[in-house]
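What follows is one structure encoded as structure tokens, with my remarks underneath.
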Ligand SMILES: [Zn+2]
């Protein structure tokens, strides 16, 4: 038991380091910045961050979420994104069926973390991320599931579903989200992809509604949807994988 805990802690930290890197990629590349130089700095006063400022999640807690020089708040999404990828790596490991599947899931989480950052900073999910990812995840999923059709239906179904929502919403649901669902669909398959989207919409409506009602965000302010897509995938993949069947059977008395 203690060993399992240590392994989980180690995997969480490794995932959080990748989460930190994915956040940097999603913050900088869409703005045309290098991911190598300059080093990370405070967004407010420009203080160059030292190595101990950059330990994922831990530094944020030790610094109490503030810059050491100007005391400006460090955006909460940084430790949250790091913890999200760290937690997803741990969950992927404990739900594993093969090494290839774990690598594929962790890869998907990396891509989603980049997309979350890009959606926050530039309000887009870029094509350079979504198109190559879709190809890579299709191949990985076909190898892991030993089926060329299973990921193809997921990829096509995921994209078609969001594309229809994109048309019905008059463009409020972005095409970038639909392209991200190419990868999600390839990895999860059609059924879990549809379920993940339902969870994303539900969480988006509830959390977005609460944030608007409490004045945390303005009435017409853009709310990035990719974080809810990621939470929807967590719910469908790890928390309630059979929820639609359960609902249809136990609540509606069908199936
Ligand atoms: Zn500062």
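Keep in mind that glycine also has a Cβ here, set from the backbone N, Cα and C atoms.
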Listed range which TrEMBL flags as transmembrane segment, given the options 81-98, 99-116: 99-116
Matching range for TrEMBL feature annotation, transmembrane segment, among 56-73, 128-145: 128-145
